[in-house]
Structures are given as structure tokens and as C-alpha cells.
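Taken from TrEMBL, the feature transmembrane segment covers 12-34, 46-70, 77-97, 103-123, 135-156, 162-182, 202-230, 242-261, 268-287, 293-313, 325-346, 352-374.
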Amino acid sequence: MSSNTDTAERRIYIYIAAISAVLNAVLLVAPVLASKLSAQLGLEPAQVGLIASVELGCFSLATVPAFLWLRRVNIRTLTFWCLAVVAAGNVASAVAGSFAMLLGIRALTSFAAGSVIVVILSLSAKAANPSRAYGLFVVSQLAMGAVILFLFPLIYAQRPVAAVYLTLAVLATLCLGCIACVKGDELQAAASDQPAARARLLPLGCALLAVLCFYVALGGVWTFMAQIAIGSGITLDSASSLIGIATIFGVLSSLSSTLVGEHRFGKYFVLAGFAVMAVSIACLFGTPGLLRFVAAAVLFKIAWSWLLPFLLAEVSRVGGAQVMNAANLVIGGGLAIGPLLAGSLIQATGGFATMLGVALVILGVAVISSVVVFRASDARAAALEESESRPVGPMAS
């Protein structure tokens, strides 16, 4: 029985890792697509930015209808149709004849991809080892990001933008094989066999606030990491190479957290990660030299890649699968708000100091919110332990 359970769990991990990497690839490959869309299709920067915003927005907005269907549908069937839409959408994007058509196709494709990501986040919350499941969710994306960063410019430098979309279509098609890794009723069974998680409003709000603030700080600082380097006298080529090296460290860091999995010190891992993120941001103040910039970039990437799986696991404990559905919307919001806020602060002040200071404050809010989540999670675990240890039936006199 234990062997069958372990096999089923491993199959779920394969489903999470493979599909997460492929469906998030369209967001990771955005820099490659942006330059090609501008050069080959003659799109204005505002049009390119609109495509990116629509993709991210629809990816996140898939959360809203998911509140209605998440515990009712067969996730195997849903995954099949959504992957089919993603594959077809990427093929259609390769042959789109106008900007309006491309925009509509990308919106539908991203909505389908976001729907499967909602399933993945909710399924991870129900895994036997949530920290490991979320670790795979993160490391698969980082690994795909590293591949894109190093290989896509070489492979697609002389190829049209259609080649990128067709590659994404092939990857989505290959993921259809992962559908066999799930039974289809995992979330339905979770809803019927287990009591629904009843999280109090404050811990639930703090859980989502912690995730939002984490992604706002992350997105704001990381987006302008190369510009900070250039402002300190480091060349663009050197900055890009250093960021690539930091990305490799991030992959190794998230892989380490995946191997650790569930741990009684998980909440301390989160706090330690936040502390290292704060130190790395502090290192970027002023005009960091080459060594200080390298240290800051590497520490920043290691820290957030390490803490994120543990943070998501802790968040899932206060609200279960439904809070992770909402987390998908919050993640998208954070990724959108972070660069926009950071860019506005940089433009308004003409430097990076204010942006970095605000990022530290936002990170502080994430820490405070996380502590509230940890306390609620511990209290819930203690209550469950007490109820399980309470004697059942009439006591002997």
C-alpha cells in the first residue's frame, strides 16, 4: 500500500514539474519574443508591452472562474483540453496575420495555461509533501528559465518569431503525456473526504499579503538588476553574464529546498531567506562594485529561490487548495505591480535608492505577514493534534 502511495505521489510530482516548466515558459521567454515581435512584425513598444500585459493578466485571471470549477471538474480532462488550447494557440500565434488577432490568441492561450497552473498549485497543497511539491513548481521554472536565457538567443537568433511559438506548441503537446500521472479526481476527493479548511480572515489575508509583497519586492528589484549594474559602471554584457550565473545558483537553491521538502524548521527557512534577501538588497545601495554586485545578485537569487517553496507550503496550511487558487491571482498581481512600481520610482527620483528602500519596506511587510501565518498554522496543527488525541465514546467510570 505504501509503495502504491509513493508511486502515485511521484507521478503527481512529475505532472507538477513538467507542466509548470512548459506553461510558464511563455512568460520566461518574453524578452526573446519582445525583441522579435518589434523587429519582425513592426510592433510599437506599447503594443509589445500590451501583449505581455494581456498574457500575464489572463494567466492570473484564470483564478476567478476556478473558484467555481476547481472542486467539481476532472483535472485529467481539464488538463487535456487546456493543453490542447495552449498548443493550438501557439500554432495560431505563429501564423497570426494582425496585431489584434495575435492579441486575442495570446489572451485565450494564457487563460488556458493559467487554468492548469491553478490546478498545479491546488494539487501541491494536497500533496503528502507540500514543500517538495512547491519546490518542484519553482525549480522546474527556474531550470526552464536558465535554458531559455542561455540557449534561446543562440537557437532563435536568426529564426522568425513563429519558430518560438511553434516550439512552445511542441512542448505543450509533449506535456499531454503527463496527463496519465494524475487520476483526475484528486481535488474532488480532497473536497469530499476531508473537512474544508476554515481559516480565519486575518491569517488568510496575511497569507495572501505575504505572497503579494514577496512578489512585488522580487519583481521590482530583479527586473532592474541589470540597470543597477550598468549605473555602477558594469557593462551590459558583464551584467547579463553575472545575472545568468546568479540564475544557475537559484536553480541549485530551489533544488536544495525541493530535496529538503517538509521540515519542522520550514518557517525558519522562510525567515532566513527573507533576511538574506534584505541583505542582498542593502548591498545594491550606492554604486556597488563588481564583487558587491555579484554577491548581491547571487544572494538575492539563492534566497528567494530557497524560501518560496517553504512559504507557499506554509500559506497552503491556513487555507488549503482554495487559498492557493487565490494565490495564483496574487502572484500575477505581484509580478505586474513590482516592475511597474519600481520603474515609476526610478523615473521619479532618477536613481535606485528610493526603489530599493521601498522594496525593503515591502519585504518587511511580507515578513510580518508570514509570522502571522506561521502562528495560525501552528495553532491549527495544535488544535488538530488535540482533537485526534481526545478520547472517543463514553469514558469508563
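Any Cβ shown, glycine's included, is placed from N, Cα and C.
Whatever TrEMBL says is automated annotation, not expert-curated.
Spatially, the transmembrane segment (293-313) is not adjacent to the transmembrane segment (77-97); fewer than three Cβ-Cβ distances between them are under 8 Å for residues at least 6 apart in sequence. The listed stretches are 12-34, 77-97, 202-230, 268-287; of these, 77-97 has the most Cβ pairs under 8 Å to the transmembrane segment (162-182).
Count of Cβ pairs under 8 Å against the transmembrane segment (46-70): among 12-34, 77-97, 135-156, 242-261, 268-287, the largest is for 12-34. With pairs at least 6 apart in sequence, the transmembrane segment (352-374) and the transmembrane segment (325-346) have 3 or more Cβ pairs within the 8 Å limit; the two touch.
Scored on C-beta pairs under 8 angstroms, the neighbour of the transmembrane segment (135-156) with the top count among 77-97, 202-230, 242-261 is 242-261. Listed by sequence, the residues of this chain that lie at least six past the ends of the transmembrane segment (202-230) yet keep a Cβ under 8 A from its Cβ atoms are 236, 238-240, 242-243, 277, 281, 284, 288, 293, 297, 300, 304, 308, 311-312, 314-315, 318-319, 323, 326-327, 330-331, 333-339, 341-343, 346, 352, 355-356, 358-360, 362-363, 365-366, 369-370, 372-373, 375-377.
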